Amino acid sequence: MSKTFYIETFGCQMNVHDSEKVIGTLEHQGYARVQDEADAGLILYNTCSIRDKAEQKVFHRLNEYKRLQGEGKKFAVLGCVAQQEGERIFEKAPYVSLVAGSASYRNLPEMLARLEAGETRITGLDDRQTDLTFETDFTSRSNPHRGYITIIEGCDKFCAYCVVPYTRGKERSRTSASVLVEARKMADLGYTDIQLLGQNVNSWRDPSGRMSFAELLTAIGNISGIRRVRFTTSHPRDFTRDIVQAIDATPALCDHIHLPVQSGSTAVLKAMSREYTRDWYLERMSWIHAAQRDISITSDMIVGFPGETDADFEETITLIDAVKYDAIFAFKFSPRPNTPAVHMADSTPESVKDQRLRILNDRQREIQRTHYARHLDQIVEIMVEGYNPTRNQVIGRSSQNKTVNFTTAQLENSTPPIGSYLPIRITQTMPNCLIGEALPPAGDATPFISINRTPHFVVLN
Ligand code: 5AD
Ligand code: SF4
């Protein structure tokens with residue numbers, strides 16, 4: 001049992017992918033992953049602290065682990081709460097033996113050796129100034145078709161509300177050569193869909209000086225076998241026009257850009273230290289709107305930032321009306337430890353913030369209801385992700401990152417394999433998804449295989 005581990009992961013895609021690398025590293029060190037914490041000798045908890053009462057939630061979960069400590073299990077806390085809370089974790093949960101932030105993961109083999117030797121207070125917390133990234137040959141990717149590649153770690157932007165620069169350390173990019181080697185290896189293994197990750201992915205700067213971010217996108221999009229390339233999350237400050245030109249010129253680059261604006265008010269953006277104005281952001285939107293391809297735009301928004309007035313909030317509403325996002329992720333401001341915004345005067349009642357969040361989401365839903373209608377009767381290529389037996393529909397994802405639920409009229413007892421690509425005619429549009437029918441396969445070729453339709457929802461993440 002001692003060489004088995006169980007891992008639980010919260011947070012963003014960066015965290016999910018960090019866990020894939022941690023899993024690969026552990027497996028390479030001779031550990032076997034188990035799906036039930038009861039069977040594990042080592043329990044790892046990869047945490048997130050972006051919003052809400054993340055710390056409390058982590059301590060609550062650790063408290064639940066307490067009952068397992070008598071069984072000789074060891075516990076490790078990783079990720080952003082580990083970095084933020086540091087050695088306080090040992091005080092509050094003395095049965096934890098290892099606390100490490102993401103900037104220290106490359107030292108995991110050494111930390112694991114100390115754990116095995118019986119040490120009980122191992123920390124990886126001092127690496128936030130490091131220039132090194134966590135690169136490993138032992139990534140255990142959970143999806144055989146779509147895979148993540150982290151190209152830049154950390155963040156130097158210090159937005160006033162955000163905990164990330166304090167939890168993930170300073171910004172550091174991988175070389176284009178190392179990223180391209182990993183992408184080519186993935187293509188050779190059969191991956192067709194690559195998602196490039198970074199807290200500010202487009203702030204990537206090639207340490208070898210060979211390529212711009214747009215050139216890196218193009219180079220990955222031109223790798224034989226790669227059909228889709230996405231990147232997330234972009235920062236408006238580093239968003240350049242050549243990114244749009246690269247998407248127009250390279251079919252494998254997905255027609256989707258996630259460009260968080262956070263607020264439509266220049267005054268609030270200034271208070272947030274975003275270092276751009278509403279007009280500056282709208283100029284980037286005009287580049288995307290002027291593209292030859294229909295590039296889907298999505299965004300993150302924060303309502304109720306300290307000092308946000310009704311008039312500021314109204315500017316966020318007029319901005320979403322102007323941009324016509326295909327999706328937004330809207331959050332109520334949440335004060336985070338160590339950030340400047342914690343100390344800003346905030347007189348807006350919670351009830352008003354709740355109301356703003358509702359108004360924003362309602363308005364966006366209406367925008368999507370009409371904006372998604374442009375896809376009616378279009379033929380959209382999707383990648384198959386799963387099957388919904390209650391609806392008898394196959395679930396796919398478009399290049400624009402939209403969910404497409406579709407039927408395959410001709411085949412009752414078969415479904416296209418997960419990871420395959422199909423053209424779908426869109427017959428109906430909803431505010432959050434598209435509905436359609438698979439086009440008959442060309443010629444004799446059938447992209448369908450028979451499956452046993454088990455009564456559960458199968459979606460690979
Ligand atoms: N409060 C509310 N939302 C936040 N986000 C980041 N920090 C905070 C915070 N303190 C949101 C931003 C970011 C997304 C990942 O989470 O919109 O883009
Ligand atoms: Fe959460 Fe941010 Fe850390 Fe990702 S980087 S795990 S979103 S706090």
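Cβ atoms are placed via backbone N, Cα and C, with glycine included.
Predicted, not measured: the structure shown is a model, and the values here were computed from it.
Feature list (source: TrEMBL):
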BINDING   C12, C48, C80  [4Fe-4S] cluster 1 binding site
BINDING   C155, C159, C162  [4Fe-4S] cluster 2 binding site
DOMAIN    3-117  domain 'MTTase N-terminal'
DOMAIN    141-370  domain 'Radical SAM core'
DOMAIN    373-440  domain 'TRAM'
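Annotated pair C80 ([4Fe-4S] cluster 1 binding site) and C162 ([4Fe-4S] cluster 2 binding site), C-alpha to C-alpha distance, rounded: 12 Å.
Neighbour list (C155 ([4Fe-4S] cluster 2 binding site), Cβ cut-off 8 Å, at least 6 residues apart, same chain): C162, V164, P165, R168, K170, E171, Q199, N200.
The DSSP breakdown of the domain 'MTTase N-terminal' (3-117), given as helix, strand and coil counts, is 64 helix, 24 strand, 27 coil. Proximity of the binding-site residues C48, C80, C155, C159, C162 to ligand 2, judged by a Cβ distance under 6 angstroms to any of its atoms, singles out C48, C80 in sequence order. Residues C162, taken from the binding-site residues C48, C80, C155, C159, C162, are distinguished by a CB atom under 6 angstroms from ligand 1. Excluding the listed site residues C12, C48, C80, the same chain places F10, G11, M14, N15, T47, S49, I50, G79, V164, T167 with Cβ atoms within 8 Å of the centre of the [4Fe-4S] cluster 1 site Cβ atoms. Proximity of C159 ([4Fe-4S] cluster 2 binding site) to non-local residues of its own chain (separation of 6 or more, Cβ distance below 8 Å) is seen for Q262, M272, S273, R274, given in sequence order. With DSSP classes pooled into helix, strand and coil, the tally for the domain 'TRAM' (373-440) is 3 helix, 38 strand, 27 coil. The binding-site residues considered are C12, C48, C80; of these, C12 has the fewest other C-beta atoms within 10 angstroms of its C-beta. Summarised as a single figure, the pLDDT of the domain 'TRAM' (373-440) averages 92. Other C-beta atoms found within 10 angstroms of the C-beta of C162 ([4Fe-4S] cluster 2 binding site) number 23, with every protein chain shown included.
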